[in-house]
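Structure record follows, encoded as structure tokens.
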């Protein structure tokens, strides 16, 4: 068939226009590890950068286009680059034999239950003062850093007064602020920012983004929680007064700003996260706290998993939040086995803001807002009865913007239902409508979980059952509340949907209503300024564990990251302060899907007796076991690795034991314990998972010296079986130490 010339020209023109308008997105091209050693020269770095240009130029027609496309080259520890590419180009690059993976530069979330969608808070290191601080000299030999929203250096939590010289191993720096040098000191020894990945997604940034200064508070909270200095007299509007301190109060701290204002649900982009990991490794960080993440994904397309592997390989310990997508099962993030993954639980303290009814009944609530006048009663109105003319009852009861009628609300205390919008924003809507105060009542899904927010107006937060009425209240802090700890409703749960054989989270730590340092930067949404503030989330619990890791690194400098994790996990507690089994926010018995091995006990972790240790080679064997071939693993690790034959993931030497999809046949798995204490004889005790039988061989292990390792096996088989996830417990004890491992077994076909 013949086409007129003008039609051919038109068709070609359309094709050219479509090609010219092809959308480019930012991708990570991950090439694994580098072949050069730790002592890298400028020539080495230049060679790596040129190799990235050379590789990309073969797909984008010229080296000039390759140079224009690449906005990060990872040259020291992580091998790869971040570039703007068309989807077809990315797909072709992924086929190249030198490429491990190609994945989108996606934005990850900060792990907190935010009062504003863009505002995060953390905690006061609520690990009781104890002998561990004396043993570790308050963590003074450790450098702790976070990947987060930056740091507020003027906070007293980062005061350098009284500190000696900066450790000689430190290679980091403070980047310049807009006008003057960033005020680091002998405590806050480094601050950097990385925003090219964010810029590649949102477009050109102005100069205000070129700073490691914390503007939303999250980074200051997490860093001060992990390593903040002692600050007497810290409080939030007079509530919770005491001494703020981090888990390692005398550690040196550094901040790597990789998170920015939220766009499309994310604020921390993989390209910047990877640059932060690489820089932290190079700078000499010991512990890296990562209070961010997203939906779990496969390890070689997960920037946090990749960055943390290279960090652990280079001697760092990486601690990350489990996420705030609970209580649904299968929501836990940061599941790579080389990461310490932390869930959140409560502490034995509440900020009480009671509701006194006219009939004398008292309903317990919580808040950090200012109180209404004492002994004065106010009329109460249900937000559903205060809806504006053009609003729905469903929106009004949630106190959404523009849904409240000020003529109905003015001067009254309004009751709003929790959900859909930020908790503090509901108070802002109530205040805008003229309310004198607000009660925030939980819905059924949030149950008994109540959060102490710094509300805009006098407010209190009450649970689902008590979610009715108040007239007046007064703030107070109550200590030694029972029961505690309780697993937080928001804390993400197992099972691990990427590798079911690895139980995640690993541990829980304080993450509800915790006080820590905050940013005093201007905010367009809240004109108040706080040096300290309280909030909740696994963003908060994660740096608690990071701080404890800093202490353990000081006490046991030769312990591996895996040994430290094992010590923390096997000494955790699963009972609350009433000596009953821990529960969740609905008062249901909690399981290892909720708390991993349990709630952290720092003192016990200093002397665990035995540990389940792992090396980099063990992690590579693990990757072999989940299906990666030796070629990919060699690129990933930077050295040759022979995958073991007949390898079983069940025998990966993790401190917890998981047997998924058990059929009618018995399975036997292997574990190895290393003695890190005095010589002794340990005896095994095994609590059977319901519907299954399990046995240990040998039942006794005798250790004659420190560092000695002993192997044992566990055999599991179905008796009557179960249609649910079943849990048991393996304990090795010498009468002084109790080395506990949760045991999870379930049949094929069990779902959540």
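Backbone N, Cα and C atoms are what each Cβ position is placed from, and that goes for glycine too.
Lifted from TrEMBL, the feature list:
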ACT_SITE  148  active site, charge relay system
ACT_SITE  218  active site, charge relay system
ACT_SITE  539  active site, charge relay system
DOMAIN    26-111  domain 'Inhibitor I9'
DOMAIN    139-584  domain 'Peptidase S8/S53'
DOMAIN    399-470  domain 'PA'
DOMAIN    652-745  domain 'Subtilisin-like protease fibronectin type-III'
SIGNAL    1-22  signal peptide
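Feature map: annotations from TrEMBL on the structure.
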{"residue": "148", "record": "active site, charge relay system", "Cβ within 10 Å": "30"}
{"residue": "218", "record": "active site, charge relay system", "Cβ within 10 Å": "32"}
{"residue": "539", "record": "active site, charge relay system", "Cβ within 10 Å": "36"}
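On a Cα basis, residue 218 (active site, charge relay system) lies 7 Å away from residue 148 (active site, charge relay system). Look at the domain 'Inhibitor I9' (26-111): DSSP puts its residues at 33 helix, 30 strand, 23 coil. Counting only the Cα atoms, the space from residue 218 (active site, charge relay system) to residue 539 (active site, charge relay system) is about 8 angstrom.
Mean pLDDT for the domain 'Subtilisin-like protease fibronectin type-III' (652-745) in this predicted model: 96.
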